[in-house]
Structure formats: structure tokens, C-alpha cells
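Encoded as C-alpha cells, the structure appears first; notes follow it.
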Amino acid sequence: MASPAFHPLDCPDPAQVSFGTDGLRGHVGSAITSTLALQVGFWCGRVLPADGPVLIGMDSRTSGSMLVSALAAGLTAAGREVWTLGLCPTPAVPGLIRRFGAAGGLMVSASHNPPEDNGIKVFGADGSKLGSALQSRIEAGLRGEEPASAQAHAFGASHQRSDLLDLYKQDLLSSVRHQRLDGVPIVLDLCWGSATACGAAVFSELGADVTVLHGEADGERINVDCGSTHLEPLRRAVLERGAAMGFAFDGDADRMLAVDGRGRIVDGDHVLFLWGSALQDSGVLPDQRLVATVMSNLGFERAWQARGGQLDRTPVGDQHVHAAMVRSGAALGGEQSGHILSSAHGLSGDGVLTALQLASLCHGQGITLADWLDRSFEAYPQKLVNVRVPDRSRRKAWADCQSLTALVQEAERSMAGDGRVLVRASGTEPLLRVMVEAADPKAVEHWTQRLAEAADQHLNAA
């Protein structure tokens, strides 16, 4: 893959830089540049309130080293000590922040986006994604609205600390109490990304018979026709090898989707239902409560309520799930896309940890993932269509389009409470997402097509 043509010192208009649902993200050379990273690093160093080092991790993208260096330069210019972790899963960063009492951390990754994109996620001293107030201060600094007087103390220094990844691996093993998986045939799709740093190693350490797909760090192939957004290679490998289960990760390994031994997909809703049921049966699920987002399937919600459970819904984004779990004291939450958060394991979305939990729970009960999935809910037919809307203001203000909102209301009336419509602007890509689910699959197809066509017609009009 050829490198994109851009001037390395270009910087996007600061007025256009804002944190989305998962930090800053975009095409390297236009939305994300080394100059922007330098400034973001500096302002992170200024606004993070706690003392201590600032940790920086990265996925395998070829632009990652450039951006890590720029962030470290900005942070040290602001007087901060920096520890660079090298290639690691995103959840390693908040875990190590908490372990060492660090001031915060950054992850250079664009998650499931294509290789030519990159991004910056920022974490506070508690390991959670940075709150909106501090994000706003960083944005204000980029716009020149925060004072930038010289620090009274010396500049900081940067230290390479890739050795700390071993501590994260030990935390993963401890999360399942080192329970053995001797001889269990498991396929792992490591997506050419962050999961290559530890995914195969921890499963092999527990004795699993591991088959690895896309198992080297490759910044030009990360997420390309593999991983949690392209499950067919994993599904095919599980069936060909007669594996008990398979797990696919995204580029930075903070999410995971699974495939059972029959080739059926186990998405985040099923993970929540099955793991939540295990916690409920063990009497360790406070208020029988799970937290999910507006994208979670209606079949999941009704099946969980039939078990006597409560389901709280949040906007899309694991930071919203995190906030709701903290408020309610929920033990488990997540997203259909595979971000799963457990209060017993640090409240950070962690794909490798979730995969270990599923494998351990199944093996401990003497059942297969397919057996377990048979006990799960029947999902309502659901379809998601992405409509490309390059104009950000139109995308964000789609609800102001009366023709589109009227059509949404018509669709909801026609389903008479046995289905729903969700239209939302993506926080990470120039897309309007249109989702319809209903008991009647014909209604799903009909309304998805009509709504997507209407969105394209009205929001992309000249």
C-alpha cells in the first residue's frame, strides 16, 4: 500500500478538531497529522490534573510511530514524564495507568478503521476515557483559547517501557485465575493489529490448541478483510479445523466477536446475555442489571427482561456505557459491536479478556460455545445501512430534516411497538447510520431501504 501524499507538518484547522465518540480519528495527512499530535500532546500535558507519568500505546499502523513521537514531544514540552509502551492493546493503557498511579495515557489507534486512518484516545488518571470538560479544554488549547505560558519546572523526558506489556499479560491470565484450557481447539484472528502483541501467547499459556490468523503486526493490512469487522475468514477456519470456538479482534483489540463451532456469530449482545446469565445464576449481578447501547437488539432486551433482569440503554460509545455502569453500580455492560466492560476487571473494553472469559466459562461448565449459544436469545431481524454524508453539519443535524424525521415516525407507527428505528451520525466516520429492527424481516428490508434512500436524497442534495 502506497503511503498517502501529504506534508508531514500540515495541521487541520483547529476549529474543526473535536473529540468524537472515541477520541480523535481520521485520515492521516488531513484530519490527523504530526503537528496536530504535537499540539494534542502539549495540551494533554497541560490539562491532565494528576501528577505522574503519561503512558502512550499504539497499534500496528505505519503512521503510529510518527504520532507517538509527536505526542511524546508535546507532553515533554509541557513538563510531563512519558512512558512509551510500543505495540499493545488499547486496554493495556488504562490498566497500567491504574497499576502505576499514572497521570493518564494516550492510545494511538483508529480501532476498526482502515490502515490509512489513525487516531488518538485519551485516558485520565482513573483509566477511563477523558471526560468532556477536559476534552473541551484540550480543544480550546488547540484553538489558542487557553494560556500557554512557559512551565516553571524543567521539561519532561520520554522513556521506552515495552517491558510493561508483560504485566498486562499477567493481568489477563489472572482474570481467569489461570484456569487451564488444555487441548481446547481455538482459532484467533488477530487482525494484523494490537492483539498480535499478546493474544496467542495468553491462550497458549493456558494450554489451548491455538490456530492463529493474521498473526503478525502489519500496519498496511490491519483490519483489511479480517478481524471483528470481517468474520468470514474466522468462520471458515473454525469450520475447517473443527475448532470449539474462534475469536476475532479489531485493530486495537478493545473489542471482540466470536464464532461458535457451528460457524454461528456471537456478537456483543449474546456475550452480554450469556456472561450476564452466568453472573445472575451465581448471585453476583447487582439488581440483575446489564447496560447496553441503543444499538442492542430488541430480542436481547425482551429475553433479558423475561429472566427478571433490567437493561439500561445508553448512546453509542463505550464511554457512555462506562458512565452508566458507574452511576448504577452495574457489573457488566457493553455494545453489540463487541466492546464489553466488566466492573470486576477494570471497566475497560478488552477483547482478549472477554475472549478468555467466554472460553473459561464454557470449559469450566464442560460445554461448548455452541451449547451455550443455544441457551441465548433469538435476535429480531436487524439491518444497519451506512449512508455517506460528507457534510458534517448536515450529518449532525439530520433530525432537522423534516422529510426524514416524518419518514422515521411513519416507520415506527407501522411496526406498532414490535420494532424500532435508530438513525444517528457516526462519531468516527462521515456516515449516517440507519438501523431498523422488527419481528417482521420484510418490514426491516422495506424501511431500511426507504430511510437510507431518503437520507441520501435529502442530506446530500446540492
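Cβ atoms are placed via backbone N, Cα and C, with glycine included.
According to Swiss-Prot, Asp250, Asp252, Asp254 bind Mg(2+); the candidate from Ser111, Ser393, Ser403, Ser414 that the record adds to this site is Ser111. A separation of roughly 8 Å, to the nearest angstrom, links the Cα atoms of Ser111 (active site, phosphoserine intermediate) and Asp254 (Mg(2+) binding site). In the structure as shown, the Cβ atom of Asp252 (Mg(2+) binding site) sits within 10 Å of 35 other Cβ atoms. Just so you know, the Cβ of Asp254 (Mg(2+) binding site) picks up 33 other Cβ atoms within 10 Å once every protein chain is counted. Cβ proximity to the Mg(2+) site centre (mean Cβ of Ser111, Asp250, Asp252, Asp254, cutoff 8 Å) flags the following additional same-chain residues: Asp59, Pro89, Thr90, Ser109, His112, Gly193, Ser194, Phe249, Gly251, Ala253, Arg255, Gly351. Most buried of the recorded positions Ser111, Asp250, judged by other Cβ atoms within 10 Å, is Asp250.
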